[in-house]
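For reference, the structure discussed in these notes is given below.
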Amino acid sequence: MLLQIPQLFSPEEARQLRETLERAQWRDGRQTAGHLAQSVKRNEQLALDDPIAIQLGEQILARLGQNPLFISAALPARVLPPRFNRYAGGGTYGNHIDNAIFTIPGNGARVRTDISSTLFLSDPDSYDGGELVIEDTYGVHSIKLPAGHMVVYPGTSLHRVNPVTRGVRYASFFWTQSLVALDVQRRTLFELDTAIQRLTADHPEHPSISQLTGVYHNLLRLWSTT
Ligand SMILES: O=C(O)CCC(=O)C(=O)O
Ligand SMILES: [Fe+2]
């Protein structure tokens with residue numbers, strides 16, 4: 001499932017995040033790429049232990065924790081610390097699939113990358129190119145969102161970032177291990193949850209609400225892998 005989360009940050013908040021990133025110490029992104037991805041990666045990233053990355057990453061995690069759409073769609077079990085990238089001067093990241101497992105620096109916990117997310121932090125008019133292009137079972141999707149908006153997509157998808165031929169594209173990206181490993185099951189639960197929310201808003205006394213909520217929890221019990 002490919003889903004947009006609008007306005008995780010307001011335009012003003014996104015501007016502040018971007019201004020902080022403009023002052024940060026950027027490094028060649030190839031340092032953090034796996035063997036295969038290295039040959040197609042031309043961007044810059046912040047080191048994982050960069051104080052700016054840690055501080056902004058915490059702001060993003062706090063915001064995600066309050067976002068009902070992200071929680072319902074991702075059913076997050078563990079979210080890896082957000083990372084930050086910068087593309088300019090033809091910078092690009094060719095087709096790749098993200099690593100399946102990452103280890104959280106510090107505590108050594110392993111996280112399965114069920115869901116990938118990109119939080120766009122630059123105004124789309126301020127740069128050319130830089131679309132995140134995702135290929136899934138439904139086709140090819142080219143995504144370029146306003147600053148502060150986010151896209152979530154299955155970790156299983158082949159994806160790339162088109163060359164940035166004018167301006168600078170700042171973004172944060174990170175991975176989530178979901179309570180439910182399979183995309184098709186997460187999607188089913190998301191649709192059921194959305195329908196229950198709508199029914200509850202329109203007909204708060206409807207007797208089917210508790211029955212459907214029971215079905216939701218019983219499916220979650222069947223499908224959760226943690
Ligand atoms: O910048 C993006 O939108 C995605 C970056 C990406 O795919 C990666 O770093 O693995
Ligand atoms: Fe990626």
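Glycine is treated like the rest: Cβ placed from N, Cα and C.
All TrEMBL annotations are machine predictions without curation.
What TrEMBL records for 78-178 is domain 'Fe2OG dioxygenase'.
Taken from TrEMBL, the feature Fe cation binding site applies to H96, D98, H159. Counting only same-chain residues six or more apart in sequence, the Cβ atoms lying under 8 angstroms from the Cβ of D98 (Fe cation binding site) belong to T113, S116, G155, W175. D98 (Fe cation binding site) falls within neither a helix nor a strand when secondary structure is assigned with DSSP, and so counts as coil.
R169 (2-oxoglutarate binding site) falls within a strand when secondary structure is assigned with DSSP. Cβ neighbours of R169 (2-oxoglutarate binding site) (same chain, under 8 Å, six or more residues apart in sequence): R86, Y87, A88, G91, F120, S122, Y127, G129, G130, V161. Per TrEMBL, 2-oxoglutarate binding site is recorded for R169.
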Output field, Fe cation shell: CB within 8 Å of site CB centroid, site H96, D98, H159 dropped: A37, Y93, N95, I97, S116, S157, L158, R160
Candidate with the highest Cβ count within 10 Å, taken from the binding-site residues H96, H159: H159
